[in-house]
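First comes the structure, then the notes that go with it.
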Amino acid sequence: MKENFNVSKLKNGLTILTYNMPYVNSVAINLIAKVGARYENAEEDGISHFLEHMAFKGTKTRTAKQIAEAFDAIGGHFNAYTGHENTVYYARVLSENCDKALNILADIIQNSIFSDEEIAKEYQVIMQEIAHHQDNPDDLVYEKFYNKVYREQPLGKSILGTAKTLATFTKEHFFNFIDKYYNAANLYLSIAGNIDHDKIVIIAEQLFSSLKQGVKSSFIPAKYIGGNGFINKELEQTSLVLGFEGTSYINLEKLYQTHLLSIIFGGGMSSRLFQSIREKLGLAYAVGSYNSAYFDSGVFTIYASTAHDKLELLYKEIKNEIIKMTEQVSTEEILRAKTQLRSNLQMAQEKNTYKSEEIGKNYSVFGQYISPEEIMEIIMSIKADDIINTANKIFSGTTTSAIIGPNDLQGF
């Protein structure tokens with residue numbers, strides 16, 4: 001309901017978004033910075049993620065231990081994550097501790113000191129994260145897949161960076177990055193829960209006053225390229241990832257047409273891929289599809305793992321299902337897909353963690369809050385021809401594939 005939503009701008013331009021949920025006893029806080037891996041140049045690969053780690057490692061007023069103790073003292077859950085388009089610092093606390101949580105978040109965003117000792121320690125932590133990534137076949141095949149989709153463009157690179165770039169970062173690099181991207185024009189503070197909007201604005205005005213106004217970040221537009229990649233690794237199964245140019249955030253009607261297509265094609269146990277590949281042929285335990293949306297680009301992805309000697313048959317059957325998907329969609333399939341999408345959306349509205357992220361992402365992408373009722377209206381207006389047309393547009397494009405398995409499957 002839009003009447004529960006409020007938005008204000010502080011004197012420095014910081015956007016404050018709240019959604020009142022009076023029936024809960026907690027608040028969920030998201031501080032969204034419009035910066036991620038796609039904003040980095042070649043020398044900065046991995047700095048967004050490294051900076052997110054460093055935010056918890058000491059400020060002008062708190063040591064790393066004191067930050068951890070301050071979080072634990074109010075019994076909250078705090079963390080952060082980095083994507084290609086956003087870096088998000090989030091917390092969930094009891095409503096009575098909202099001001100204390102905001103105080104900690106404001107401190108780590110505005111007053112981090114980036115000591116040489118902590119940089120050296122966190123470098124080792126991230127190197128372990130990269131090593132863990134290299135030991136995970138799913139991570140490897142998806143990294144290869146996105147590298148082929150976007151090649152040397154920022155969206156095709158890992159958010160973790162490389163050992164070479166990470167080793168070059170100093171406190172000056174972090175301070176310069178903060179100065180460029182962590183400003184009022186580029187940050188969104190979104191809060192959902194049992195709160196009073198006006199009180200939040202007053203608190204935020206006090207805590208975030210040192211943020212400079214700044215300018216919104218920009219990035220180089222992404223271009224889907226595509227291609228084929230292979231990783232030679234001896235595993236129990238071969239994993240296959242197929243993809244096509246998908247749908248971006250820009251057009252919500254097209255986006256939700258693609259969501260419905262994905263549900264029908266590979267989004268659940270009644271989906272075509274699941275029924276054909278797993279239930280009928282027994283070729284894979286896990287198989288499915290989804291659309292990854294970015295601001296100006298999208299990737300429609302199909303994934304499955306199978307026995308080494310079944311890869312060719314798996315690929316053939318997926319291709320057969322793709323052809324069928326471009327020809328017809330039944331009324332029953334559309335109804336099931338809409339019900340799934342509607343149920344997921346409506347049940348998510350009950351969680352303040354979801355609402356906080358939803359209003360923040362809405363504003364950072366669209367510059368406005370798009371209500372669940374507006375989204376449902378879009379979903380319910382979609383017809384069979386819309387889904388078939390979307391399928392034809394997506395599946396007629398350049399294919400990208402990535403495979404991880406034994407060397408004799410290369411170029412199967």
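From the backbone N, Cα and C atoms, a Cβ is placed for every residue, glycine too.
The C-beta environment of E52 (active site, proton acceptor), restricted to residues of the same chain at least 6 apart in sequence and closer than 8 Å, consists of A80, Y81, T82, T87, Y89. When secondary structure is read from DSSP and collapsed to three states, E52 (active site, proton acceptor) falls in the helix class. Annotated active site, proton acceptor per Swiss-Prot: E52, in sequence order, evidence recorded as sequence analysis.
Swiss-Prot lists H49, H53, E129 with the feature Zn(2+) binding site. Sequence-distant neighbours of H49 (Zn(2+) binding site) (same chain, 6+ apart, CB under 8 A from its CB) are A37, T82, T87, I126, I159, L160, G161.
Sequence-distant contacts of E129 (Zn(2+) binding site), defined by Cβ-Cβ distance under 8 angstroms and a gap of at least six in the same chain, are L160. Around H53 (Zn(2+) binding site), a 10 Å sphere centred on its CB holds 18 further CB atoms from the protein chains shown.
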